[in-house]
């Protein structure tokens, strides 16, 4: 027997035993249509998050224009800033050789996960405005799985970055062999494989359901629904929040003790300054992630344990938690621009290219063409050399 924990539940809204909110929404984790179905007041505001309709139940009517405009404006800002910022981060890391460090390889992975997450916002916006999911089952599966992949890959990558910082600060000798771009790429692949442990099952569980003339994108659970629903919530809370936060806390606790006890880490003031700067940047990124994601995780667990009455404060706080989760996907590029001089310089060169930058790009293209067409380059060199000799021979004598 299949059922959903989100708005895709086929039960009628008037049924007091309904397991989920009656309003449709895309099946993303932040929208929680598959994790956080409202079990206490199924006809209340859609608990599925920003992407769901405020109230499509018979008692409440259509969502207000102010709510719709506010949510759409927020979605648009997060989507544009998130996509542009994260793609710019990935471009800078790929484009500039000096940016291909182990830490930046992890940042690339984080930017990729955030870009994928923000790319789902247009679908969720359309779903919100139309009150139905018009994109079919395949896109439903993709959107839901992307949000799970983003959540797990992001926190796993931040965990990895914290461990990487710990090794760099507390074990600098071992760091020389371990902290390489090649190893960072391997670790990134492993993070995506680990995320597949939840991402792939969710993709198979995602489906579309018809309910009262509309289509819902939601997850289906085997009987008993309440057991599998709560099990998923608990697994997400433990493996995507509690355990990673504990690992991150231990790593930074040990780093702080090390930095306080040792005045010089590498024997060079310049290297120490860079080491502390990068450590500070990673710490800020991790802290912002935890601040943005803690409310939604706590909210989901509380609603799984107790019944929360529908009030204006509950509605506002729920939407605030959802907004924080999505906003995190567009904050990281801003943090890099303010906290890392290399990123700041590369961003500036991309947005406002100087003459030296253009000359450097042209010389890079020439070198690439020379490597790709060595015979042509040799011919041009010989021709130029012959012309120089000819000019020297035909030049008038003094």
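Along the chain as shown, the residues are counted starting at 1.
Placed from the backbone N, Cα and C atoms, the Cβ positions cover glycine too.
Copied over from Swiss-Prot, here are the features:
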type: TOPO_DOM; residues: 1-66; note: topological domain 'Extracellular'
type: TRANSMEM; residues: 67-91; note: transmembrane segment
type: TRANSMEM; residues: 105-129; note: transmembrane segment
type: TOPO_DOM; residues: 130-140; note: topological domain 'Extracellular'
type: DISULFID; residues: 140-217; note: disulfide bond
type: TRANSMEM; residues: 141-163; note: transmembrane segment
type: TRANSMEM; residues: 184-205; note: transmembrane segment
type: TOPO_DOM; residues: 206-228; note: topological domain 'Extracellular'
type: TRANSMEM; residues: 229-253; note: transmembrane segment
type: TRANSMEM; residues: 278-304; note: transmembrane segment
type: TOPO_DOM; residues: 305-312; note: topological domain 'Extracellular'
type: TRANSMEM; residues: 313-336; note: transmembrane segment
type: MOTIF; residues: 332-336; note: motif 'NPxxY'
type: LIPID; residues: 351; note: S-palmitoyl cysteine
type: REGION; residues: 361-385; note: region 'Disordered'
type: MOD_RES; residues: 363; note: phosphoserine
type: MOD_RES; residues: 370; note: phosphothreonine
type: MOD_RES; residues: 375; note: phosphoserine
type: MOD_RES; residues: 394; note: phosphothreonine
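Distribution of Swiss-Prot features across the structure.
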residue	record	DSSP (3 states)
140	disulfide bond	helix
217	disulfide bond	strand
351	S-palmitoyl cysteine	helix
Taken over the topological domain 'Extracellular' (206-228), the model's mean pLDDT = 87
Query = What's the CA-CA gap between residue 140 (disulfide bond) and residue 351 (S-palmitoyl cysteine) in angstrom, rounded?
reply = 36
Key: Largest tally of Cβ atoms lying within 10 Å of a Cβ, found at which of the recorded positions 140, 217, 351   = 217
Ask   = Do the transmembrane segment (105-129) and the transmembrane segment (313-336) come close, with at least three CB pairs under 8 A (pairs 6 or more apart in sequence)?
value = yes
Remark   = The recorded stretch from 67-91, 184-205, 229-253, 313-336 sharing the largest number of CB pairs under 8 A with the transmembrane segment (278-304) is 313-336
Ask   = Between the stretches 67-91, 229-253, 313-336, which wins on the count of C-beta pairs under 8 angstroms to the transmembrane segment (184-205)?
value = 229-253
Ask   = Helix, strand, coil residue numbers for the motif 'NPxxY' (332-336) per DSSP?
value = 5 helix, 0 strand, 0 coil
